[in-house]
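Listed in TrEMBL for this protein:
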- Cys85: active site, glycyl thioester intermediate (ACT_SITE)
- 156-174: compositional bias 'Acidic residues' (COMPBIAS)
- 1-148: domain 'UBC core' (DOMAIN)
- 150-183: region 'Disordered' (REGION)
Amino acid sequence: MSFPNKRREMDLMKLMMSDYKVEMVTDGMHEFFVDFHGPKESPYQGGVWRIRVELPDGYPYHSPSIGFVNKMYHPNVDEMSGSICLDVINQTWSPMYDLVNVFEVFLPQLLLYPNPLDPLNGEAAALLMRDRPAYEQKVKEYCLKYAKPEDIGASPEEESSDEELSENEYDSSDEQMLGKPDP
């Protein structure tokens, strides 16, 4: 196995062992989803976003492609595509970084310290600069509408069912494989 493939496998395993819920899209470990919880003590607290991650053939020498699947209200996130504007991923990526850095450092920092001077969402940037309390209220509204923990993984046409298992009745095999979910 070549170094990039081994590194991809090691980084993915490290991410899974860090208690992130990871769902593979392909068998080749190139494409997967990660459930990301909003940082505590921020307007994003309580929200859960599904992040699409694509690892290029040249990973870790080339940066991963990262995007929000469910809607996010943030100056540096395109509301329609979920693309993010983050220099450390888009321009200054280094093989010293790994996937855990993305989810434990880079994305939380992006949400905690938005940059309205380099926006992908001009409306969010303008609101942040003009009226921070109104911006934070809109972020919370988006969290309630688009980032509810119970909606992660459900396709838009899926509705909650009374037949779904309660939290205490789920099959623990998922927990054993991926670790306990974040609170």
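All positions are counted from 1 along the displayed chain.
Glycine is treated like the rest: Cβ placed from N, Cα and C.
Under DSSP, residues within the domain 'UBC core' (1-148) fall into helix, strand and coil as 57 helix, 24 strand, 67 coil. With a cut-off of 8 Å between CB atoms and residues at least 6 apart in sequence, the same chain places Asn76, Val77, Asn115, Asp118, Pro119, Leu120 near the residue listed as 'active site, glycyl thioester intermediate', listed in sequence order.
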